[in-house]
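**Q** Taken from TrEMBL, the feature active site, glycyl thioester intermediate applies to CYS85. Annotation comment: TrEMBL describes 1-148 as domain 'UBC core'.
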Amino acid sequence: MASPSKRREMDMMKLMMSDYKVDTVNDDLQMFYVTFHGPTDSLYEGGVWKIKVELPEAYPYKSPSVGFVNKIYHPNVDESSGAVCLDVINQTWSPMFDLINVFDSFLPQLLLYPNPSDPFNGEAASLLMRDRPAYELKVKGKTHSSSHILAALYSNLSLIHA
């Protein structure tokens, strides 16, 4: 069995070799950012989010901490902090999962199937339960504006580093 630090390196390498854009903060690989696109055929399609990932010292035996940096309107995401209420990540994590699972499965499932009965954003959960068309309209509007803000941020960073 690989040591936790070796496993962290292997999982990071797999993630960096995938189609995801990964921005590391430093060499210890405990905190990094991943550019995540909304799932196809969802209310979040066309959306782009910067996801902050923090790996605990005990990773993969303890789950990563995942949060949205730019705003997303979703019942299971705290609108101000970006914290994700996601049972698979927060409570039922297993060392069998890896970082690719977070971005290929867990986050897309969260966006496709919100759980309004376990909300981090009570207003979004309430709107989803009482007026789904209004909820969908609000998600699409906020997804569009949030993605434009992220695109502008990235283009400004590119100009600074050029």
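Counting begins at 1 with the first residue displayed.
Keep in mind that glycine also has a Cβ here, set from the backbone N, Cα and C atoms.
Could you give the neighbours, burial and distances for every feature on this list?
**A** The Cβ of CYS85 (active site, glycyl thioester intermediate) has 17 neighbouring Cβ atoms from other residues within 10 Å, across all protein chains displayed.
Per DSSP, the domain 'UBC core' (1-148) is made up of 58 helix, 25 strand, 65 coil.
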